[in-house]
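Engineer: My questions will all concern the structure given below.
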Amino acid sequence: MAIPAFGLGTFRLKDDVVISSVITALELGYRAIDTAQIYDNEAAVGQAIAESGVPRHELYITTKIWIENLSKDKLIPSLKESLQKLRTDYVDLTLIHWPSPNDEVSVEEFMQALLEAKKQGLTREIGISNFTIPLMEKAIAAVGAENIATNQIELSPYLQNRKVVAWAKQHGIHITSYMTLAYGKALKDEVIARIAAKHNATPAQVILAWAMGEGYSVIPSSTKRKNLESNLKAQNLQLDAEDKKAIAALDCNDRLVSPEGLAPEWD
């Protein structure tokens, strides 16, 4: 199954908040859900999915392996624990959340362990997140580009990450954008507002439509039904060449996610 272009993010949402967000999203027609071991919400997401009554085969569930679980003896057991929490026998996609700080666990070791998890049927696809070009090169050397379903990276109108995107595309690696709305900063942008007014759309719809138009998957999160519903409509918005050019000009390498001790040396 190809990675859905549109899904629900759950970063920073926990307990009843995430349960409500996931149940509402599934009611509205969302079918892809993105979580991670470090979000500490896999069990709540699993509960929400169970309560929603949506059949498992209709869903596309992504989780991510945390850095403490990257070694070959920990990766698969940690994924099995995630599956228990999510109340499922498999996930559709498992990502390496961040590369191992200071190369404590080699890219080769964790990518091969992740590929083994795929061979065991614990995950249908595998991929990476927050990987730079040198790290993607190592991942490809370890398991082959055909086994890397996506690189999930911070990507917004203010951080268009063109080098990484171009390199990934050249090697057949799909891009998933997180932080697409730049923590809401881009929603206040005058250029975005003008495009939104022109299309009778919301700023969020414009930005999400732009990202999907570039071929990226998006996973916006929201706790409000109104926004969840509105974001979904971004899939029907077509931007023209003028709009795309205006958004391309907003790129200013404004990176919002770069945790000290965790972030690699960015391209």
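Quick reminder: no glycine exception, Cβ is built from N, Cα and C everywhere.
Per Swiss-Prot, the features are:
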- Y39: active site, proton donor (ACT_SITE)
- H97: substrate binding site (BINDING)
- 179-231: NADP(+) binding site (BINDING)
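Relative to the rest of the structure, where do these features sit?
Structural biologist: Note: Y39 (active site, proton donor) has non-local neighbours T10, F11, R12, L13, K14, i.e. same-chain residues 6+ apart with C-beta under 8 A of its own C-beta.
H97 (substrate binding site) counts 21 other C-beta atoms within 10 Å of its own C-beta, drawing on all protein chains shown.
S221 (NADP(+) binding site) has a Cβ environment of 21 other Cβ atoms inside 10 Å.
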Engineer: Neighbour count, 10 Å Cβ-Cβ cut-off, for I207 (NADP(+) binding site): what number do you get?
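Structural biologist: Excluding its own Cβ, the number within 10 Å is 29.
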Engineer: Which residues does A186 (NADP(+) binding site) neighbour through Cβ under 8 Å, counting only same-chain ones at least six apart?
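Structural biologist: Non-local contacts for A186 (NADP(+) binding site): S156, P157, Y158, I192, P203, I207, L250.
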Engineer: Can you give me the Cα-Cα distance between S221 (NADP(+) binding site) and H97 (substrate binding site) in Å, rounded to a whole number?
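Structural biologist: S221 (NADP(+) binding site) to H97 (substrate binding site), Cα-Cα distance: 18 Å.
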Engineer: What are the non-local neighbours of N200 (NADP(+) binding site), defined as same-chain residues 6+ apart in sequence with CB under 8 A from its CB?
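Structural biologist: The answer is none.
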